[in-house]
Amino acid sequence: MQRFANKVAVVTGGGRGIGQEVAKKLASEGAKVAVVSRSESSCGKAAEAINAEFPGSAKAYAVDVADHEAVQALAKQIGDDLGTVNILINNAGVTRDGLLMRMKEEDWDTVLDTNLKGAFNTVKAFMRVLMKAEDPRIINIASVIGLIGNAGQTNYAASKAGLIGFTKSVARELAGRKVTCNAIAPGFITTDMTDELSDAIKEGVISKIPLAVFGETSDIAEAVAFLASSQARYITGQVLAVDGGMTM
Ligand SMILES: NC(=O)c1ccc[n+]([C@@H]2O[C@H](COP(=O)([O-])OP(=O)(O)OC[C@H]3O[C@@H](n4cnc5c(N)ncnc54)[C@H](OP(=O)(O)O)[C@@H]3O)[C@@H](O)[C@H]2O)c1
């Protein structure tokens, strides 16, 4: 299926994990994809791997999404390089876990600046273009932690709950221009982010997942591709949990 022929997608945090898989999935169905990540080497390698499978489909951009001006410049550059953007995937995210009692201010700020302000920055930078694009879509990658909270992740939970509120408000503001905005709340997905967890924590988590396994990055990429497609035109302001039943 080529659901994204002639479409341009921007995937933040596309250098690794979920974002890389999302970028690959959209490219596999015809999109030209801007792969954005913090480091040059990460987005460069991801774009190279995607181009090896789908020649000419990916271009790398090393930008910190927390930097408002850099994201404005990024939007201009992507417009010049790839043309009108149809699909924006806000996936860049970080964790700086620790109990609130011991959490440093910089750990709070880094997580909120990346996970929440990063989405504000990109939506601000791309919204005018999206409002004029065909089948315009914004998809924000939140987390089940933004729905249910988690001890040791007050900063991360606040950023993802904030992202969900942001999603619903953007959906309401841009609905008149046919831009849909939805969130996906992944459960525990096998990536570098969850590889950091100890075996004991992983076992504890699995005991709370009805399907009793961690998800794969492709589980998220398939959900993103559906919400990004024209088939999802009547869905906006929703939060889709892709979590093995964890939050039902
Ligand atoms: N894995 C899970 O179980 C899980 C569950 C729920 C939600 N999520 C969410 O899903 C998203 C992707 O997670 P993941 O597990 O794939 O993470 P990951 O493997 O750690 O990859 C994160 C990506 O985000 C990029 N990034 C981080 N900070 C950035 C910044 N300031 N500016 C630009 N790019 C930045 C990284 O860039 P570099 O490669 O250059 O470092 C990397 O490409 C995150 O928002 C995460 O919160 C993940």
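Count begins at 1; order follows the chain as displayed.
From the backbone N, Cα and C atoms, a Cβ is placed for every residue, glycine too.
Using a 10 Å Cβ-Cβ cutoff, Y156 (active site, proton acceptor) registers 24 neighbours. Taken residue by residue with DSSP, Y156 (active site, proton acceptor) is part of a helix. The active site, proton acceptor annotation in TrEMBL covers Y156.
Per TrEMBL, NADP(+) binding site is recorded for G13, G14, G15, R16, N91, Y156, A157, A158, S159, K160, I189.
According to TrEMBL, the domain 'Ketoreductase' annotation covers 7-192.
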How big is the gap, in Å, between the Cα of I189 (NADP(+) binding site) and that of Y156 (active site, proton acceptor), rounded to a whole number?
16
By Cα-Cα distance, the member of binding-site residues G13, G15, N91 nearest Y156 (active site, proton acceptor):
N91
With the Cβ atom as the reference point and anything under 6 Å counting, tell me which of the recorded positions (G15, Y156, A157, S159) are near ligand 1.
G15
Under 8 Å by Cβ from N91 (NADP(+) binding site), counting only residues of that chain that are 6 or more apart
V11, T12, G13, G14, I18, G19, V22, I141
